[in-house]
């Protein structure tokens, strides 16, 4: 009995759930049916308005053409009436003169006859009948005002509903993320001359890949874009990614959205820290020379690009590398930390900021073959700038154990630009983009970022676009020698 009741309860529950599903579906159908009716009514009203507009235009054109015909009729009629009046007057005068001349033939007196003959001669000379044109000034032809609307009729017969624009295709190759702005470019899969404008929607997100249906942020809309490219400026990259989608609009309707594209916008933040305890028991720490301290790395991940990258990003194929959290060969008295991703080609940019309690640090690049006890800038396989704020303030470029003092203020944050193929390593004030120093060399092996620090730590920003100001400066600085030549050489 109890088992049967339980079975019946399960059946009742199943039926109730199914009824709820069906009722929800009925509500959906009713809502859709209501939408069809409302939208059909709206479309019919718009169709009536469009045809009324056509009728109005045709009526206006008809009235204008009728007016032109009537004006031409009046003009020709007036010309002919005027000519007709002149001819009637001339005929009347001519008939009167003819009658006078005929009576003059009966005059017997020679003097009177001669007088009449002279009068007749004078009147004939002045008679309008002999100065009158006997050709009509205008013709009765009105064919120049005839019409042929056969082409227009054919065109009207081709009237049809506007096609819905196809979804645009965002071109990641032409997209660019740089200088707090994002440029999005797209194209239509086929030419469509009825497109009036585009709508672009975007939103910030911290999720990689395709946009989520229930994302924590709403789409923002940019309407009435006339071209196939748009740049969002003055952005604050406070999220890791941005989603973008575009739709095309003709006069009547907006088409489907493009496949959404996710662009990476925020850099990875990490740091290199000095550990005065010597790093005992911590596998990821590296013993240093000073005060038995060590250098270790926090919050660093090996780079794997997410979302849809912009190939216009100057870094080719990879983000400026993160720093190694552990290297077996750095277990002796060395406090140099190397990046874990090699730079083998292209242009890369990253930024370094010293923490307030940092007394000394170096920033640069080195070959992966750097010795376990080697320091940055003291070998021919490493290049760096060195900042020392302990006891005395110094700022210098170092390479192959040679030092070049830099007569510029130490910036709050240093930007590092490495052009592997061009053989150039440049350091910039990250804020003002002032060039601090450039090494010109020929890299014969892959290089990795290198760091040295004593006390405090370094904050790193990687995965960055090469700023346009840096890119412009590099073009102008490529031909310079001078202060950079003293430390430049070709290393093997």
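Yeah, the Cβs are placed from backbone N, Cα and C, and that goes for glycine too.
Range annotated as region 'Disordered' by TrEMBL, chosen from 274-330, 331-387, 388-444: 274-330.
Among the ranges 70-104, 105-139, the one that TrEMBL lists as coiled coil is 70-104. For the domain 'Fibronectin type-III' (164-268), the DSSP-based tally of helix, strand and coil residues reads 3 helix, 49 strand, 53 coil. Averaged over the domain 'B30.2/SPRY' (282-469), the predicted model reaches a pLDDT of 75.
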